[in-house]
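Visitor: Structure in C-alpha cells, see below.
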Amino acid sequence: MKKWLNTASPKPGSLLLPGVTLLLLLAVWEGLAHFSRLPAWLLPAPSRVGGALWQTKDLLWQHSLQTVAETLLGLLLAVAAGVLLATCMEWSHKLRQAVYPLLVVSQTIPIIAVAPLLLIWFGYGWLPKVLVVALVCFFPVTVNLADGYRSAEPDMIRLLAAMGATGGQIFRLVKLPAALPYFFSGLRIAGTYSVMGAVIGEWLGASQGLGIYMTRASQSYLTDRVFAAIAVITALSLAIFLLVEGLARLVMPWHYRAKDIL
C-alpha cells in the first residue's frame with residue numbers, strides 16, 4: 001500500500017521556504033521596476049499592482065464571480081465524465097485498450113485551438129467556456145483514477161475472490177480505496193488548471209469574466225490591472241487546490257493517518 005501513499009500534498013511547514021522565496025522575488029521585482037526607470041505600462045511595480053488591485057476590487061469581484069461559476073461547472077462536468085469513463089474502463093479491458101491511447105493522444109491538441117471551434121458550435125454564452133474547462137480538467141481526473149484502480153493489491157483481490165466475494169464487493173472494498181488517493185491527486189491538478197481554462201474561453205469571446213477583463217486592460221496598456229487579474233487568478237486556483245485538499249482529508253482520513261505514521 002505504500003506505493004500510493006506519496007500522493008498527498010506537502011505539510012504546511014514546507015511552504016515556508018517557497019513563501020520566503022516569493023517575497024524575495026517580489027522585492028527584486030520592486031527594485032527593478034523602481035531603479036530601471038522602465039515605464040509603468042511596461043513593468044509595473046508590485047506596489048503599483050497592489051494599488052490597482054485595491055482600486056478595481058469591485059470590478060474584479062464582478063468578473064471573478066463569472067469566472068468562478070464557469071470554473072466550478074466545468075470542473076464538476078469533468079469529474080462526472082472522468083469518473084464514469086475511468087470506472088467503465090476498469091470494468092471493460094477492451095474499452096480501456098480502445099480509449100486510453102486516445103486520451104493520451106488528445107493531450108497533443110492545444111486547447112487554444114479547440115476553444116474557437118466550441119465558440120463557433122455553441123455561441124458566446126456559458127456553454128463553450130464550461131466545455132473548455134471540462135476539456136482541460138478531464139484528462140488528469142480520468143487517467144489518474146484509471147491508474148488508481150490498477151494500483152489495487154493483487155494479493156488482496158485474489159484473497160477476496162477465493163473467499164467468494166463478487167466483483168462489486170472487490171471493487172468497493174479494494175479497488176475504490178486504492179484509487180481514491182490517485183483520484184484526488186488528479187483532482188488537485190485539474191483544480192489548478194480549471195481557472196486558466198475558464199480564462200482561455202473568455203479570451204476568445206465573452207462579455208464578463210477575468211479573461212475579458214485582462215484583454216481590455218492589456219488593450220488599454222493598463223498593465224498593472226493585468227497583473228492584478230493574474231493575482232486574482234492565482235488566488236482562485238490556490239483556493240480550489242486547498243478546497244480539494246480539504247475534501248480529500250474528509251473522504252479518506254485513513255490515508256493521511258497512514259502517511260503521518262510513515
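Glycine too: its Cβ is placed from the backbone N, Cα and C atoms.
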Visitor: Any idea which of 42-60, 156-174 is down as transmembrane segment in TrEMBL?
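Guide: That would be 156-174, per the transmembrane segment entry in TrEMBL.
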Visitor: Sequence-remote contacts (6 or more beyond its ends) of the transmembrane segment (68-87), Cβ cut-off under 8 Å?
Guide: 99, 126, 129-138, 141-143, 145-146, 149, 183, 186-187, 190-191, 194-195, 197-198, 201-202, 209, 236, 240
